[in-house]
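Beneath this line is the structure, given in structure tokens, with notes to follow.
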Amino acid sequence: HVLGVMHWLPLVLLLLDAHPRVLFSPALSPPKHPPLLLMLELGLLADDVEDEESHMMDAATSGHGGDKEAYRNLLLGLSDSDGPVPGVRRKRQAVHSAQGMERSVCEAESGWVTNKKTAVDFRSNTVTILQEIQTQTGPLKQYFYETKCRKPDSNRKGEVQAVEGASCLGVDKKHWMSRCETKQSYVRALTSDENKRIGWRWIRIDSSCVCVLLPSTGNQVRHRAHNRSKVSR
């Protein structure tokens, strides 16, 4: 789906107005690394990356090269799928806790989605994603970085844990029932509705894998019996 030339929306605002999980890029493929915000949260960036980012922002806002140059500066090192990731380093992760090796209760997988065609907006309407946008300086592609629970391996036999729909790791089954579920959050994206009206809309995308806990049936029965005994006294 292609949008006409957008004289009303400067290129710089496309980035400034976008959620960290939404990327507008002239590159034909998405970056090889996660969004900058997620990299910061995961501790994958060097300490001086904030200074580098500030320098790029200053160059973009004070330069006289026009929108194209400002947009290029903003994207420098952050959306070039072929170039190296600037200032990136993997901080030494603690792989052992006091009790042993650290593991997530649910296993998640993340990646850039390049072919997202439709989504559900905040009004529960299905809208069409604008995959490519024509601008005065060339086409931009709209990418989404999504996180979801890992799917079960169909070839694996026996009990499966920590994947989509399965029980979580490290949960006391005597007291709790657990299930790994993919959760969604809202991001703003350029979309088209059923009447071909184009604009920014809040849509839902996969953003995390969480462990849902429910009291086990046996625990509920014991709890009710305990409450009845207290009342009878």
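Using the three backbone atoms N, Cα and C, a Cβ is placed for every residue, glycine included.
Of the listed cysteines Cys168, Cys209, TrEMBL assigns the disulfide bond with Cys149 to Cys209. Close to Cys149 (disulfide bond), meaning Cα to Cα within 10 A, are the following disulfide-bonded residues out of Cys106, Cys168, Cys180: Cys106, Cys180. In the domain 'Nerve growth factor-related' (97-212), helix, strand and coil residues by DSSP number 0 helix, 66 strand, 50 coil. Its Cβ taken as reference, Cys180 (disulfide bond) is surrounded by 25 other Cβ atoms within 10 Å in the chains shown.
Separating the Cα atoms of Cys168 (disulfide bond) and Cys180 (disulfide bond) is a whole-number distance of 6 Å.
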